[in-house]
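Below is one structure, written out as structure tokens, with a few remarks after it.
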Amino acid sequence: DTKGLFEFVEEEYPDLSKHNNHMAKVLTKELYGKLRDKQTSSGYTLDDVIQTGIDNPGHPFIMTVGCVAGDEESYEVFKDLLDPVISDRHGGYKPTDKHKTDLNFENLKGGDDLDPNYVLSSRVRTGRSIKGYTLPPHNSRGERRAIEKLSIEALTSLEGEFKGKYYPLKSMTDAEQEQLINDHFLFDKPVSPLLTCAGMARDWPDGRGIWHNDDKTFLVWVNEEDHLRVISMQKGGNMREVFRRFCVGLQKIEEIFKKHNHGFMWNEHLGYILTCPSNLGTGLRGGVHVKLPKLSTHAKFEEILTRLRLQKRGTGGVDTASVGGVFDISNADRLGSSEVEQVQLVVDGVKLMVEMEKKLEKGEAIDSMIPAQK
Amino acid sequence: LLKHVRNISRHRTFLNMIHSFSRILSSKRNIGILSLMGGSVAAGFLLQREHASAGSPLRRRYPASSEYPDLRQHNNCMASNLTPAIYAKLCDKTTPNGYTLDQAIQTGVDNPGHPFIKTVGMVAGDEESYEVFADLLDPIIKERHNGYDPCVMKHPTDLDSSKIHSGQFDDRYVLSSRVRTGRSIRGLSLPPACTRAERREVERVVVDALAGLKGDLTGRYYSLTQMTEKEQQQLIDDHFLFDKPVSPLLTCAGMARDWPDARGIWHNNEKTFLIWINEEDHTRVISMEKGGNMKRVFDRFCRGLKEVERLIQERGWEFMWNERLGYILTCPSNLGTGLRAGVHVKLPLLSKDPRFSKILDNLRLQKRGTGGVDTAAVGGVFDISNLDRLGQSEVQLVQTVVDGVNYLIECEKRLERGQDIKVPPPIKQFK
């Protein structure tokens, strides 16, 4: 009986019958057969791409992506899988669509007048991958250390409002660790199986660290889920200032990496290339912690958010519950619109929702304020 | 050739040849050549998956010194033995299946260890790992197996249970008796490295063979993916069901991939002979029953194992074994016999005696709580089993447990009568 030796697709194709994630919806047996013998030039395979989605069947309500990229080339070599996944995840984005990048903070209108009685804090984050290195699911210790070394060089050369310090995870002192925890800066070894099954926690904490400026308003995570996660934040509602610092800081960092011949991974179709397909495009999540106790219990709250192209989370992050009526409100889109456009939606949308909250406090109706779909 | 493809020696030679050939071709990234060969037998083999990964010679761009893991906070056998020189020597090697050193040591890098419990810190991805990475595995084996030197010593295998004497314990003290081991199917990669196809093949081969068991060994298979809720509950109640591994020692080695695909449990109708498929090893084989009849448990164990071996051999397969390391399993700690023979025994008085640990040491036994490794004892009931796995045969190890447990029970009885006990002289390790 030679059947077992030759019908490889049948034998290797994963059982996705109980799965509910974007990868499982797209990956037919035929598609698996077509892609299974391909690899990127760094040796990343289809099985590597999809392992996290096989090991995490998903949730009936939350649709995870179920696949990751191991390097920049993954998005090319495995296009036949990743393009439909990207389309499903990013509202119908087509393989021929072009993504606009706009990090010119002056193009943002307003954003400096969100009411601090309601808006407790403002934050913008994104990720960046460094060209010439493979991504966290795939990189070796040598590569990860090289990424760290280059990042330290780039970050420690920053000056002025960006002058700061790097804290490597494996050698920070107890006092430093305590401080970083109190500042809510310290990131932990990933425990989510979405990340661990993709191999992103290997060799922890080797090559990982946190850099932040002296003012504690600009923070970079090195070698967590992406090469770099860049975060600008401050208390209160001045999103404009947060976004300015974000754009200026990012551009300064990018210049330095470019000088070392390791610019950021980017192309005009997918924008900034990151590990998870959900973070392509801008990779940007701009958001606020805002008090909306009345609005959040209004029947139309979810619909308002959808129309404003915003999403809510609890203040502990994705998948946590809100506490005391305080919500984390941020942009829902990543790909197909620019940084300025996405932050504009947050600024305008939050402004509107705070006005709605105030109306509800006075016992007035808000129906006339409910916006059309943006 | 197709008709005889199950003949092991030709099959293995053919596979090895094809593996080398396909590796040469794919290293030139000449997929075009492969597609020219169409649907021939050779093409089928050539298209078999390559396990390229971080560290494979295809893409190493950093010197070994840049890749060498930081093991300064680590306390496991791998960390104790992996010098930069050994790392440099082995880091560009792969087994014929493409398994690398970085993969083998990943679990030890990710799990620095415990100050008191020294874990092994490394696994094998296939049978060849033990040869290709011998420069690291041999010293680890020697350390873990109390001085067994795989370079010069031979491991004895003996499954003749008739040689056991005094193997029936006092049922007032021994609540249950159990013998377990593991077996791997030669020619298929081990759980850290296997593809879904290989894992499914292990399941098919073993389940097929088990269907041939008769008499008191007649039983059935419960696939983890297809069992009903009712079957699942019964297996839980019988304490047979194994869960998806959560220990990072196992998950970091990749053993939980694709769960629960191709995993399952087989047991005989009498519930005294149980086989786990594709958990931490290809198979884990367990013989057990309530009470103290270790002799009968071991009889069934040996009989069942030999019968399963005969059935897979009929179909052209065999177990991984060699005279240097005995039975080949995923974790180096389970080499040799892979055997843990043990009892749940009531020793409330003896366990409070300060000489308890020393007595166990000298008898070459270890204690665990009844929940398994790393649990505490409840109500003075302990899990007592053999310490050693490699360098002594199954018969020798089970006799050691029999002699040792009989001695412990004697001690307990003496303490009950208010008599004193003696610490026995240490028994010889390698016989």
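Just so you know, glycine gets a Cβ as well, placed from its N, Cα and C.
Per TrEMBL, the features are:
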- A:121-125, A:HIS184, A:ARG229, A:285-289, A:313-318: ATP binding site (BINDING)
- A:5-91: domain 'Phosphagen kinase N-terminal' (DOMAIN)
- A:118-360: domain 'Phosphagen kinase C-terminal' (DOMAIN)
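Around the Cβ of A:VAL124 (ATP binding site), the number of neighbouring Cβ atoms within 10 Å comes to 27. Shown are the binding-site residues A:ARG229, A:GLY287, A:ARG313; the one with the most C-beta atoms within 10 angstroms of its own C-beta is A:GLY287. Annotation for A:SER121 (ATP binding site): spatial neighbours A:MET233, A:GLN234, A:LYS235, A:GLY236, A:VAL288, A:HIS289, criterion Cβ-Cβ under 8 Å with sequence separation of six or more. Secondary structure counts, DSSP: the domain 'Phosphagen kinase N-terminal' (A:5-91) has 44 helix, 6 strand, 37 coil.
Per-residue confidence over the domain 'Phosphagen kinase C-terminal' (A:118-360) averages out at a pLDDT of 94.
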